[in-house]
Ligand code: HEM
Ligand SMILES: [Cu+2]
């Protein structure tokens with residue numbers, strides 16, 4: 001008999017998001033493979049495809065579409081598990097899916113017809129078809145609708161459970177949503193007031209400085225929007241999988257609050273080499289960025305504390321003996337664990353990127369691309385894969401079989417090795433000065449350009465392994481969705497008893513306080529620069545089509 005872990009309506013809606021995520025992930029992976037092969041000099045694209053076109057498709061589909069669909073699906077499922085979803089939430093979930101899907105199709109269509117090779121950052125003055133901007137905006141609006149469904153479920157729960165701290169997972173969903181709503185205001189303003197009117201020809205020029213500021217107001221918290229769901233799995237699901245407990249309820253909540261506060265007023269760390277923003281403001285953003293190290297360290301600390309506690313309970317000895325006791329044969333643990341390991345060099349790389357002087361060395365080199373493939377492309381992606389292995393069968397009422405575990409471990413290994421090779425090559429090339437976002441070139445057979453080719457080839461080899469892994473992942477997902485034997489798969493969610501939760505300070509769930517502090521920090525860090533960019537606007541730029 002089939003037994004779903006949550007009610008059927010919620011399960012079907014969440015699954016729609018997760019499966020759509022993997023559908024677009026597949027197309028994105030193909031684009032990634034082609035990029036690697038082109039840059040490595042292995043293949044040449046046919047006349048009718050432009051390198052920057054597939055680069056745009058890859059960045060948009062992986063960075064914006066795969067992640068957002070997966071996150072919404074996972075969050076809805078986790079909320080259904082911890083507090084259950086009212087009917088209205090499920091309806092809003094479906095509506096959000098439709099709007100997001102429609103927006104994505106619009107954006108992908110304009111990329112396919114070559115009207116939007118502006119890459120996933122759509123930096124002005126590169127100018128795409130208005131329908132690309134409208135499609136991307138719909139993707140965001142769809143996520144707002146989905147977020148409204150979750151917020152409704154949360155407020156209903158709180159009404160029925162006055163004076164109770166919410167379950168940790170639900171709290172984390174709400175914290176991520178607070179961040180997402182505030183962050184997306186920046187990109188929505190850029191789209192609605194700048195890019196869309198300009199691309200329709202209603203305005204002749206665009207204020208480039210302002211548009212990039214607004215983009216990164218959104219762009220940095222975007223990376224925390226990817227990371228916080230992965231952390232939610234590290235805090236709630238991984239401990240349950242390995243038979244442990246949540247290390248500390250309040251610590252986990254403080255971490256998420258810190259992410260809300262510190263991930264928005266830091267966008268200038270992406271613009272350190274950019275004219276039009278004074279050094280003083282850049283330093284404010286850099287200082288706040290370094291503050292974000294703290295919650296990540298706290299997460300690492302509590303994750304490994306949980307591992308240690310579990311290992312010792314199983315009889316581990318010595319300082320690091322507990323590593324031997326962890327269930328590496330369980331893909332639900334193995335995949336996110338590999339992701340955690342990737343996050344160690346990734347975090348160090350992030351500190352390098354944000355340090356003013358070192359940023360000059362790596363800025364706009366392919367080092368940066370190496371960096372975000374080990375953060376979002378590995379730490380986050382591997383965690384999402386690990387979640388998918390139990391989430392899909394558990395929502396379908398099917399079994400995560402031994403064979404699927406094994407296939408999952410192999411898939412994880414391919415991804416891990418592929419990413420080590422590809423990102424390793426990218427990091428190394430970046431230090432040599434190799435630019436990111438470039439089609440195949442030997443720079444007119446310049447000896448320096450030629451000397452880079454061997455690393456480009458290495459990068460392509462890593463890309464091939466990653467692509468094999470992506471195909472395996474999709475096959476596994478389809479198997480678990482449609483073909484695995486009917487049965488039951490646990491929805492691993494470590495939950496603290498109400499007693500423990502009630503010891504957590506009440507203020508941590510007082511959103512008004514945190515939103516007010518966030519507004520203050522935003523005012524301090526962005527208020528004057530944005531005012532300045534508007535009042536002392538640079539000469540506007542006409543649109544450019546460089547492809
Ligand atoms: C099959 C696996 C993958 C391969 C082979 C791959 C390969 C690549 C390559 C070679 C580039 C650099 C192109 C250039 O700068 O000229 C790139 C860029 C990028 N990748 Fe991936 N990648 C993969 C997976 C992912 C994943 C899982 C994500 C995120 C979830 C991701 C996000 C990005 C983004 C955002 C860019 C930047 C695009 C731009 O600069 O506009 N990739 N990828
Ligand atoms: Cu950033």
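Cβ from N, Cα, C; glycine included.
What TrEMBL says about a protein is an automatic prediction, not a curated fact.
The domain 'Cytochrome oxidase subunit I profile' feature in TrEMBL is assigned to 12-479.
The transmembrane segment annotation in TrEMBL covers 14-34 (among others).
Summarising the annotation, TrEMBL assigns transmembrane segment to 54-80 (among others).
Under 8 Å from some Cβ of the transmembrane segment (92-111) lie the Cβ atoms of residues 10, 13-14, 16-17, 20, 24, 27, 53, 56-57, 60-61, 65, 68-69, 72, 76, 85, 117, 128-129, 131-132, 134-149, 152, all in the same chain and six or more residues away from its ends. Among the features that TrEMBL reports, transmembrane segment is placed at 92-111 (among others).
Positions annotated as transmembrane segment by TrEMBL: 131-155 (among others).
Outside the transmembrane segment (213-238) by six or more residues, the chain places 63, 67-68, 70-71, 74-75, 78, 121-123, 168-169, 172-173, 175-176, 179-180, 182-187, 189-190, 194, 246, 252, 255-256, 259, 263-264, 266-271, 277, 299, 302-303, 306, 332-333, 336-337, 339-340, 372, 375-376, 379-380, 383-384, 386-387, 390, 492-495, 526, 529-530, 533 with a CB less than 8 A from a CB of the stretch. Feature annotation from TrEMBL assigns transmembrane segment to 213-238 (among others).
The annotation transmembrane segment is assigned in TrEMBL to 250-268 (among others).
According to TrEMBL, the transmembrane segment annotation covers 288-310 (among others).
Residues 230, 233-234, 237-238, 241-242, 290, 293, 296, 300, 303, 358-359, 362, 367, 370-371, 374-375, 378-383, 385-387, 389-390, 400, 404-405, 408-409, 412, 415-416, 419, 427, 492 of the same chain, all 6+ positions outside the transmembrane segment (331-352), place their C-beta atoms under 8 angstroms from a C-beta of that stretch. The annotation transmembrane segment is assigned in TrEMBL to 331-352 (among others).
Taken from TrEMBL, the feature transmembrane segment applies to 372-392 (among others). Cβ atoms under 8 Å from those of the transmembrane segment (372-392) belong to residues 14-15, 18-19, 21-22, 62-63, 67, 70, 73-74, 77, 223, 226-227, 229-230, 233-234, 237, 241, 331-336, 338-340, 342-343, 345-346, 349-350, 398, 400, 404-405, 408, 411-412, 415-416, 419, 422-423, 426, 473, 476-477, 480-481, 489-492 of the same chain, restricted to positions at least 6 beyond its ends.
Long-range neighbours of the transmembrane segment (413-434) within the same chain, counting only residues 6 or more positions beyond its ends whose Cβ lies under 8 Å from a Cβ of the stretch, are 36, 338, 342, 349, 361-362, 365-371, 373-374, 377-378, 381-382, 385, 452, 455-456, 458-459, 461-470, 472-473. Residues annotated as transmembrane segment in TrEMBL: 413-434 (among others).
Here the transmembrane segment (458-481) has Cβ contacts under 8 Å with residues 15, 19, 22, 25-26, 29-30, 32-33, 35-37, 39-42, 385, 388-389, 392-393, 396, 398, 400, 404, 407-408, 410-412, 414-415, 417-426, 429 of the same chain, all six or more residues outside its ends. The transmembrane segment annotation in TrEMBL covers 458-481 (among others).
Only residues 6 or more beyond the boundaries of the transmembrane segment (511-531), in the same chain, are considered here, and those with a CB under 8 A from a CB of the stretch are 174, 178, 182, 210, 213-214, 217, 257, 260-262, 264-268, 277-278, 281, 284-285, 288. The transmembrane segment annotation in TrEMBL covers 511-531 (among others).
For the transmembrane segment (14-34), the partner stretch with the highest count of Cβ pairs under 8 angstroms, out of 54-80, 131-155, 250-268, 288-310, is 54-80.
Of the Cβ pairs linking the transmembrane segment (250-268) with the transmembrane segment (288-310) and spaced 6 or more residues apart, 3 or more are under 8 Å, so the two regions touch.
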